[in-house]
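Okay, structure first, notes after.
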Amino acid sequence: MRQRKISAKASDDDENSEKFTTTNCLPKNSSPSLKKIFILCLVTRMINSLLVQTYFNPDEHWQALEVAHFITFGYGHLTWEWKKGIRTYLHPVLFAALYKVLAFFHLDTPWFMTRAPRLLQSLFSAIGDLYFYKFSQVLFGNHVAKWALFAQLVNWFMFFCITRTLANSMETFLTLVSLYYWPSFRRPSRSASSGSRKWALAAAALACAIRPTSAITWVYVALLELYLTSNKLKFVLLEAVPIGGLVLGLTSLLDRLMYGSWILVPLNFLKFNFLSSGGDYYGTHAWHWYITQGFTAMLFTFVPFSISGIIMSKQCKLFGLIAWVLGIYSLIGHKEFRFVLPVLPIALMFAGYTLANMRGSDPPERKMKENLGSSINCFSKVQMSVFFLLVTNLPMALYMSTVHQRGTEDVMNYLSVEAVNNKVESILFLMPCHATPYYSTLHRNLPMRFLDCTPSEEKGILDESDQFLMDPVGFATEYAKNWSLPSHIVLFDSQEKPLKEILVSHNFHEIKRFFHAHFKVDREIQASVVVYAYQGQ
């Protein structure tokens, strides 16, 4: 042991004297310290969360913040998923606790209600970044870990998504924590401590509790661990079953308290999304979508670096995890970018490996003495790669986070301020369902109405949202016959054009318009969001 410590110290003093390989072993106290890494990640993610001002996926609001608002303040809309018991309250209660704190200190103002949840998520994201760095350090050493963290912080999709209050963001955080502790991914020389597997199982179980589909990831990891571990019975009977059972039991107790009856969420989730293909109601994609479009777009210009890192590192177990997750999700009809977010950091780690290998571990001074031309070429290659990744990812991250589809966020921020000033009495949303945040942003118990899109148990039956999009004029005309006249109507400009005559005839006039998008996503272009107010007779 004494000889090993001396050897490690000598290696630290001249850490670049050996050829760079995946087995280079650096001591845990090598600079930068983990404290500095965490502060860097936390500051970056907090700024990240404040820059995110666009709308991405309804679940960010409707399956997390809206539920949390209902728990804390007693009003809010619970979507059909909560009536069918296919969602757990474990994730929303985190934000409910935050809302309680804001309310206690009288900080539940429009600014804090919209920013505080993402700031809280930025804390979890920063911890995930730290564990991502530690995991990279364990596998490849400090040099690769630094470049992997660079890739993690610069990648446009991580910037765009990881600080949002999606269950997938929390799942990604728990996945990174868990992977760090799993012995099966560590080399023998860097074996985990005796209790680390229990921490890995606990984090994995929590990830599955929040997102039952996270089990796709942990089936692979568990089978790998079962194959590699020497004491299989201990792993299954004394660790996996008790820890998984404990988390399931506590989560079920929480759901029993919130639902008012015993609900087994993972079973209901499995029935709806897999046994009945309920997720297909929201659209399906070709089997190869993740490979040819989804995951490729998420990696963006990191793709060649990730592929190179996979080949050079020969980390088959980690690559196998990416392939397994993408392969299983490809079998499911309904596909979304966020579903595979938990394995995006792994691909970025491989990109970091490539960047680290470009420069190698030799200091430029030594390489200049040995081969001046080679050193300059190598250094230039790193600079060019970093410049290329920055100029392609940062503008994309900023555009998607601050410009594209921001109108539906801006309109609710505007209405929340108007409601505080008692200028709003009721709101009607004539737009696709769940297109805006709701009570969690408005934070006033006022009558609001949006077009329902609850899946019908009978095939071929169109929901309100689809009926409106097919015939906006016919739907609005029929609806106006029996409506309770709202003070404000919110709609996209694409529906405003055919409805303008009807709106004016009912004494509604435009009072505000918000930019939304430059190009369409999955429907006709929705360039702006318009607010009409009732002007009286």
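From the backbone N, Cα and C atoms, a Cβ is placed for every residue, glycine too.
Sequence annotations record features per position, and here TrEMBL assigns region 'Disordered' to 1-24.
Long-range contacts of the transmembrane segment (89-107) within the same chain: residues 63-65, 67-69, 71-73, 113, 116-117, 120, 165, 167, 170, 206, 209-210, 251, 254-255, 258-259, each at least 6 residues beyond the stretch ends and with a Cβ under 8 Å from a Cβ of the stretch. Per TrEMBL, the feature transmembrane segment maps to 89-107 (among others).
What TrEMBL records for 156-179 (among others) is transmembrane segment.
Annotated transmembrane segment per TrEMBL: 199-221 (among others), in sequence order.
The transmembrane segment feature in TrEMBL is assigned to 233-250 (among others).
Annotated transmembrane segment per TrEMBL: 287-311 (among others), in sequence order. Sequence-distant neighbours of the transmembrane segment (287-311) (same chain, 6+ residues past either end, Cβ-Cβ under 8 Å): 151, 155-157, 319, 326, 329-331, 335-337, 340-341, 344, 347-355, 357, 385, 388-389, 392-393, 396.
Under the heading transmembrane segment, TrEMBL lists 318-333 (among others). Taking Cβ pairs closer than 8 Å, the transmembrane segment (318-333) reaches residues 139, 185, 216-217, 220-221, 224, 273-274, 277, 279-280, 284-285, 287-291, 295, 310, 339-340, 342-343, 346-347, 349-350 in its own chain, all 6 or more past its ends.
Residues or ranges marked as transmembrane segment by TrEMBL: 339-358 (among others).
Taken from TrEMBL, the feature transmembrane segment covers 379-400 (among others).
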List, by number or range, the same-chain residues at least 6 past the transmembrane segment (199-221) whose CB is under 8 A from its CB atoms?
88, 90-91, 167-168, 170-171, 174-175, 177-182, 184, 239-240, 243-244, 246-248, 251, 265-266, 269-270, 273, 320-321, 324-325, 328-329, 339, 342-343
Counting only residues 6 or more past its boundaries, what in the same chain has a CB within less than 8 Å of a CB in the transmembrane segment (379-400)?
51, 54, 150-151, 154-156, 159-160, 300-302, 305, 355, 358-359, 364
